[in-house]
Amino acid sequence: MEESINPIISIGPVIFNLTMLAMTLLIVGVIFVFIYWASRNMTLKPKGKQNVLEYVYDFVIGFTEPNIGSRYMKDYSLFFLCLFLFMVIANNLGLMTKIQTIDGTNWWSSPTANLQYDLTLSFLVILLTHIESVRRRGFKKSIKSFMSPVFVIPMNILEEFTNFLSLALRIFGNIFAGEVMTSLLLLLSHQAIYWYPVAFGANLAWTAFSVFISCIQAYVFTLLTSVYLGNKINIEEE
């Protein structure tokens, strides 16, 4: 399997991955269009497209509210809805098609199949939990809960690091492996004409399985984000 590269552009010391940037903008656009379309002309008794939006919304609230608590859920409900939709689409984009030039430049892939992208998402989640902890409880109380008692400071630092790393590596491993297997099956179909039916059937089954795994990973990522955030903002006052 030939190595693929993503096109990049440099602005001073900052390097932008054009494929990841384009995929991210596409995902944001799809989410915006979906929510705008489904929320137009909403009625008290939901029907049609409104049912779809409310079903997804209720599903996300159902597994995140126990971690956040009803007290804060209304402030974060739209965030978790958009995060879940973002991860579902991001995980499955690379399964739809593959756009790659002869020289190996890749113009279409799942952004979450890129380790740097996943590490960035994970870092933003951990950063958000600390920002919200300070905003909800104040800087002093947040620091105190993190550094008291003193002997648990190394354990707390290790916990934050492992949370950050596991959140990124879990989703990267699953999505990257899915795209690699899809590429291998496509290559198999090009080897000989008699391999085509086998490769087609295997690729169809693998794609269906990968979509399922991708949705599960979106669920897990959103769930863990709610757990980490809930742990930071729901600490009982001393």
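Just so you know, glycine gets a Cβ as well, placed from its N, Cα and C.
Quick look at what Swiss-Prot annotates:
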- 15-35: transmembrane segment (TRANSMEM)
- 76-96: transmembrane segment (TRANSMEM)
- 111-131: transmembrane segment (TRANSMEM)
- 167-187: transmembrane segment (TRANSMEM)
- 208-230: transmembrane segment (TRANSMEM)
Range from 15-35, 167-187, 208-230 with most C-beta pairs under 8 A to the transmembrane segment (76-96): 208-230
Folded-back contacts onto the transmembrane segment (167-187), same chain, C-beta under 8 angstroms, at least six residues removed: 1, 87, 91, 94-95, 98, 109-110, 112-115, 118-119, 121-122, 125-126, 199, 202-203, 206-207, 210, 213-214, 217, 220-221, 224-225
